Amino acid sequence: MPAVGGMLPGDGKKEYPGNLTPFVMVTCIVAAMGGLIFGYDIGISGGVTSMDSFLEEFFPKVYRKKNLMATKNQYCKYDSPTLTMFTSSLYLAALLASIVASTVTRKFGRRLSMLFGGVLFCSGAIINGFAKAVWMLILGRVLLGFGIGFTNQSVPLYLSEMAPYRFRGALNIGFQLSITVGILIANVLNYFFAKIKGGWGWRLSLGGAMVPALIITIGSLVLPDTPNSMIERGQHEEAKKKLQRVRGVEDVEEEFQDLVAASQASKTVEHPWTNLLQRKYRPHLTMAILIPFFQQLTGINVIMFYAPVLFNTIGFKTNASLMSAVITGSVNVAATIVSIYGVDKWGRRFLFLEGGIQMLICQAVVTAAIAAKFGVSGIAEDLPQWYAIVVVLFICIYVAGFAWSWGPLGWLVPSEIFPLEIRSAAQSMNVSVNMIFTFAVAQVFLMMLCHLKFGLFIFFAFFVCIMTVFIYFFLPETKGIPIEEMGKVWKTHWYWSRFVTDSEYHIGALEMGKGGQTDRK
C-alpha cells in the first residue's frame, strides 16, 4: 500500500477521491470568462477593419483602394502595413505581458493576474472607443494586449488546478468555449453596429470590450485561489480546507500531501526559466513551444481575424460578409461544446488527429474553389451564389474541426502537463509562443494573401499535415491522469522516456517516498 497518493489501480493510475461540486463548477465558469476578452477582441478586429466608416477615418489609403480605385484584384485590396499593425500590435504586447505575468502568477497567485488582465483590458477598450487618431488606436490595442497576456497566462492554469482530474479536460475547455462565445458576440455586434447611420458603430464595437473586461475583473475579486497556489505561497492549513471544499470530501490527505511534495520540490528551483532547459523537461519544453506554434499555423486566426475581410474578398458584400462571420462564429461555439463532451471520453489524441484530418480536407477544397474562380490574377466577375455557399460551408467544417481539436486542446494540454516547479514559467512560454506567432500571422497575412494568392491556404495546409503527424508520434494521452502525476506519461512514452528517467519521476508503485512524501522534482 503506498504511503501517499490515493489508490493505484491495475494500470498504475492514481485516483484521488473527490466530486464535481457546484462550488467547483461555479468557480471554473467564472474563471473561464477570462477567455471572453480574448475572443471578443479576435472577433471585433476583423469586423471593424471591414467597416468603411472606420477605414475612411483612420486608414484612408485602404478605403480608397477598396472603394474608389479601379483595381479588381481581390487579393490585394486590404494590403496595408498600418492596418495590420492595428490588429497585430495587441499580440506583441500580450507576449511581453505574459512574461511578467509568470512572476505575478507564481508569487501572488492566479487571481491577481486575472485582476490585472481585466483592468488593463478595460483601459484599452475605453481608449479605443474614444480614439481620434491612429496612435490612440494602437495605444488602446497595446493595453488590450497587456490584459490578454495576464489572463491567458493565469486562467488555463487556474482551471487545470481547480478541476478534479476526471473532469479537468471539460472544465478547462470552458476557457476556449468563452473565447468562441466572445468571437460570436463580437461578430453579431459588428453586424448590427455596421448598420448604424452616421458611421460611428465601430466605436461601440471597440468600446464594448469593456463589458467582458468588467466580468473578469469582478470575477477575479470573488474567486477563491487554487489549493496549489496557496501551498506554493506557504498557506498550508488554508489550502487543505480549500481542497476539502473544492473536492467535496473530507479525505483529501493523499492529494494534499502530493501537492505539498510537488511544492517543496518546486521551491528547490531558483530559476524556473533556466530550469526549463534541463534534459528532464525536454518533452514539456517541446510541447510548450510546438503546440502553440502549430495552433497558430492551422490558419484559424486568419479565418477568425479577417473572416469579414476574407468573405468580402471572395465576393460577398460588407453586410453579407459580416453575416457569414456570424455563421462561422456559431459553428465555433457549437463545435467547442462537442469538445467539452468528448475530451474526457475520447481522449486528447483522438480529437487532435480527427480535427487535423478534417481541417486538411477543407483547406484543400477551399484552395481549389478560390483558385478556380480567382486564379493568380485575383479577378473574378459575378460570383454565383452556389459558389459562395460552398466556400462558407467548407470554411464552417474547417472551423468545426479546429474548434473541437486544436482550439481547446492547444490551451488544455500545455496547462495540464507541466510540473509545479516549472508551471508558471512553462505556461508563460506557451502563451509567449502563441502570441509571437499570432502576431506574425496577423502582421503578414494580408501581404501573403496579396503575393501568395490562393497558395496561402496551401501554406497552412502543409503545416496542418506536419502537426497531425507530430501529434500521432509524440504526444502521449493525458486523459484521466492527476495533474501532479503527469510525469508517468513521459516515462512510458517510446521517445520521451530517454529524457525522463526513474530518478526524476517515481511512478506507479515506485511512488512511495521517504517519510510518506513523494519524491518528485
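In case you wondered, yes, glycine gets a Cβ from its N, Cα and C as well.
Among the features that TrEMBL reports, domain 'Major facilitator superfamily (MFS) profile' is placed at 27-479. Residues or ranges marked as transmembrane segment in TrEMBL: 20-40, 83-105, 112-131, 137-159, 171-194, 200-223, 285-309, 321-343, 350-374, 386-407, 428-448, 454-475.
The stretches the transmembrane segment (386-407) and the transmembrane segment (83-105) are not in mutual contact, being linked by fewer than three Cβ pairs under 8 Å (pairs 6 or more apart in sequence). With a threshold of 8 Å between CB atoms, the same-chain residues lying at least 6 positions outside the transmembrane segment (20-40) that come near it are 114, 117-118, 121, 144, 147-148, 151-152, 154-155, 158-159, 162-164, 166-167, 171, 174-186, 208-209, 212-213, 215-216, 219, 222-224, 245-248.
Contact between the transmembrane segment (200-223) and the transmembrane segment (112-131) holds: at least three of their C-beta pairs are under 8 Å, each pair 6 or more apart in sequence. Taking residue pairs at least 6 apart in sequence, the transmembrane segment (454-475) and the transmembrane segment (137-159) share fewer than three C-beta contacts under 8 angstroms.
The domain 'Major facilitator superfamily (MFS) profile' (27-479) scores a mean pLDDT of 85 in the predicted structure.
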